[in-house]
Amino acid sequence: MYIAIAGNIGSGKTTLTGKLAAHFGWEPRYESADDNPYLEDFYEDMSRWAFPLQVYFLNSRFRQVMEVSRTEQPIIQDRSLYEDAKIFARQLNADNHLTDRDTETFNAVFNSVTENAPAPDLLVYLRTSVPQLLDHIRKRGREYEQSISRAYLTGLNEYYEEWISNYDQGKLLVIDMEDMDFVENDKHLQQIIGSIDAELHAQKARV
């Protein structure tokens, strides 16, 4: 079984991935900010580092996804394979940080990669407002993220909503994060766990 958590920067994907992995006994696969050789440079000069950053992320996520076919252990992934192409590359291109040529090349690589990659059995999307995202980014205190603009997050959110409205790769669960704090409020976490549990049981019932 393969679950993916999708959402914008600061939506709580990594934290929720860890909590769900602990609850269900799943193997977590994280998007590691600390080990990424491009991330800090990217936020200092997006145009210079956008293409190698996106390729790095795509390769990393593809390697994680391919583990699904080699293990019987359920895997939960912090950000899906699709978001690099469907969200971030599009926004970077719209902001002129990724050229049309590089965007076309990246999308060609993405299409080749996803031909052989399994889709998630369940995609969980954390719908989060821009004010919430900015608050979460400020609170977690990564220095290189403090330059992220409201406009950038707004653009990403718009691409997320477009992608989610057309998502057809498998089962989708959208969680509205407005007034939801699963870190400080265990009741909220249990609500999310209950929703995911219900989706997974519904899938089993249909098989």
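Cβ atoms here come from the backbone N, Cα and C positions, even for glycine.
Per TrEMBL, the feature domain 'Deoxynucleoside kinase' maps to 3-196.
For I9 (ATP binding site), other Cβ atoms within 10 Å of its Cβ number 18. Annotation source TrEMBL lists ATP binding site at G7, N8, I9, G10, S11, G12, K13, T14, T15.
The substrate binding site annotation in TrEMBL covers E31, Y43, Q54, R79, D84, E145. Annotation note: Q54 (substrate binding site) sits in a helical segment as assigned by DSSP.
The Cβ of D78 (active site, proton acceptor) has 22 other Cβ atoms within 10 Å, all protein chains considered. Marked as active site, proton acceptor by TrEMBL: D78.
Using a 10 Å Cα-Cα cut-off from E31 (substrate binding site), the recorded positions that qualify among G7, I9, S11, T15, D78 are D78. The Cβ of Y43 (substrate binding site) has Y144, E145, S147, I148 as same-chain neighbours under 8 Å, each 6 or more residues away in sequence. Among the recorded positions D78, R79, D84, the residue whose Cα lies closest in space to that of G7 (ATP binding site) is R79.
Its Cβ taken as reference, K13 (ATP binding site) is surrounded by 25 other Cβ atoms within 10 Å in the chains shown. Same-chain neighbours of the ATP site beyond G7, N8, I9, G10, S11, G12, K13, T14, T15, judged by a C-beta within 8 angstroms of the site's C-beta center, are, in sequence order, L16, L126, T128, L133, H136.
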